[in-house]
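What follows is a short report on a single structure.
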């Protein structure tokens, strides 16, 4: 009778064996599966075009498991199989190059005597203890990112957007120089061209306040000129004597008018 009870319990457990949830996610080619289900499972993977299944884990409970070493880093699909006794279930993935998400770049600002350097470090994959930049590598789907940086100067509420040219990039990151002595904050985002359509999150914002006392003001259109004029008028009033103020105020007025005219001409050219 005892053997019959044991067999009955085993039979009941096999009936209730079931994967109740499953999730695959790969960020920077760090690939993991997360699943829930009763009991212990053998987990294997098969890439498209290969007949055999690769054993990844044996007799493991529900949880999160690293499978980075098993899917091919290309566009072929693959399957993940869970087995417990006679119960089997296969989960399909369209391919690592399609599914992988790319994390944000890392931004650094460094001040030099006559300029500031913006350095954007590529997101990287981890292979053991090595950090490998994700940039035009065949084993990482030939992914490379084109970056957009948002600069915020001084007390401005609106950022200035700048697209980084790939000519400014190497296999490790992108570097551009610029000049300002107002506080500047920068954040960057990367995106691929083509059908993969990868877009990273925005990086953490970094800020730098230069030491030199030179004043700048971002002008993107003629609507920004009055703000520039008001700001420079305050600088003239605070930093120069009355005799100099008169000359500099006239010069500021004529310069502001010239800038407004120039920007208006550019706008007409743009829409002509």
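Cβ atoms here come from the backbone N, Cα and C positions, even for glycine.
Owing to the predicted nature of the structure, the values given are computational and were not obtained by experimental measurement.
Going by Swiss-Prot, these are the annotated features:
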type: SIGNAL; residues: 1-13; note: signal peptide
type: CARBOHYD; residues: 42; note: N-linked glycosylation site
type: CARBOHYD; residues: 150; note: N-linked glycosylation site
type: CARBOHYD; residues: 267; note: N-linked glycosylation site
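Everything Swiss-Prot records as a feature, shown here on the structure.
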residue	record	Cβ within 10 Å
42	N-linked glycosylation site	17
150	N-linked glycosylation site	17
267	N-linked glycosylation site	12
_Length of the line joining the Cα atoms of residue 267 (N-linked glycosylation site) and residue 42 (N-linked glycosylation site), in Å_ = 65
*Could you state the CA-to-CA distance between residue 42 (N-linked glycosylation site) and residue 150 (N-linked glycosylation site) to the nearest Å?*
48
